Amino acid sequence: MTKIALLGAAGQIGTPLSLLCKASDLFDEISLYDIVHAPGIATDLNHIDTRAKVSGHLAEDGGLQKALARADIVVVTAGIARKPGMTRDDNVAGFLDLFKTNASIIRDLFTEVAKTCPQAICCVVTNPVNSTVPVAAETLRQGGTYDPTRLFGVTTLDVVRASTFIAHALGGGADPKSFKVPVIGGHSGATILPLYSHAVPKLCIDSAKLAQVIHSELLLPIYFDLKLMTSSLYAGVQFGGDEIVESKKGAGSATTCMAYAGFRFIKALIQAKSGTPVVEEAYVYLPGIQDGKEIAARLGVDYFAVKVELGPNGATKVFDIGSLSDGEEKLLGVALKDLKANIQAGHAFMGL
Ligand code: NAD
Ligand code: LMR
């Protein structure tokens, strides 16, 4: 019996992610939780001819507890997404504080996870991931159930983008999936560090073009309006999220590609649960996972996205980041500075 609980299931990521889970035949039970619409979405999904039984829950009548009961995997996409011009943790003149809103949602949901399904493997999609994962970790710790091997910040979208964008840049109809590019660091702007020097197969690309693929900032929306967008004007991996936010003009951020990426991570967890170890990148608490202490000490941060080996009960070990090119070393320095501030923000929210 495998049960997954999706929290924030009625959202723009939650709904397509629920569909991918239901269509996959990987689950016996799927529970959807949201403050709106979840029961109706569950009824809709239950007309699909796969074996998973889908239930939908709202906050009333212990809905969250019911959704989490006996869950093996919990995926959290509950929260608000940013609007054009905002960062993932913006506070727009005190009117929309993305960070505080999402951090509060994460704290409240994980308070219940600690009580109801302390053994579950938990995946945090809600932004700002660099800070919401420390918030989730501290909430679980206060609930007495924190195990760093079972808490992941989902950074798979960065990995998907790193393959996709290099294939686009190289042109010639290259299949994005044929490029494996590790992405380390965190999940926002300069903290996202794709390691193209480690790409498989080895890349042959000039350095100016590669710099664009990594961190070309999004050009002004006017380029979209004037339809001047060409491949050289695409945002790089570090700013891929901004490209979608601007393109959607206030209607949201990455949703379908995020559901795709989130489902890739869920599939990896399920495969690992059935006894085949899988390696995926994720944002984790390094000192709590085998081989992570040395990496954390060297980098000077505890939370970091790295390659993680997944086993039946979560992370079994992390892999060293290896040697970097000179350019990547410089980008790592910038990433670490931002990341420290993001982790600190999460800790400060939890009163640490
Ligand atoms: P959305 O607004 O469409 O959906 C969010 C859902 O959360 C809504 O249905 C809302 O009702 C629900 N919700 C709000 N408060 C809740 C609570 N207390 N309990 C349960 N549900 C609650 O947003 P979205 O586009 O689905 O994005 C969700 C989050 O994912 C955002 O924070 C976004 O920035 C983030 N995101 C992360 C990544 C990543 O790579 N990690 C990628 C894309 C988006
Ligand atoms: C992304 O990378 O697309 C997400 O984190 C959403 C965002 O706000 O950019």
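Don't overthink the numbers, they just go from 1 along the chain as shown.
Cβ atoms here come from the backbone N, Cα and C positions, even for glycine.
The shown structure was predicted, so the numbers you read here are calculated from the model rather than taken from an experiment.
Going through Met86, Met258 against TrEMBL, the one listed in the NAD(+) site together with Gly8, Ala9, Ala10, Gly11, Gln12, Ile13, Gly14, Asp34, Asn102, Val125, Thr126, Asn127 turns out to be Met258. Here NAD(+) is bound by Gly8, Ala9, Ala10, Gly11, Gln12, Ile13, Gly14, Asp34, Asn102, Val125, Thr126, Asn127, Met258 per the record. The longest Cα to Cα distance in that group is 18 Å. If you take every residue in the domain 'Lactate/malate dehydrogenase C-terminal' (155-349) and average the pLDDT, you get 91. Within the set of binding-site residues Arg82, Arg88, Asn127, the entry lying nearest in space to Gly8 (NAD(+) binding site) is Asn127 (CA atoms). All protein chains included, Gln12 (NAD(+) binding site) registers 19 other Cβ atoms within 10 Å of its own Cβ. Arg161 (substrate binding site) falls within a helical segment according to DSSP. Residues from the binding-site residues list (Ala10, Arg82, Arg88, Asn127, Arg161) with a C-beta closer than 6 Å to any atom of ligand 2: Arg82, Arg88, Asn127.
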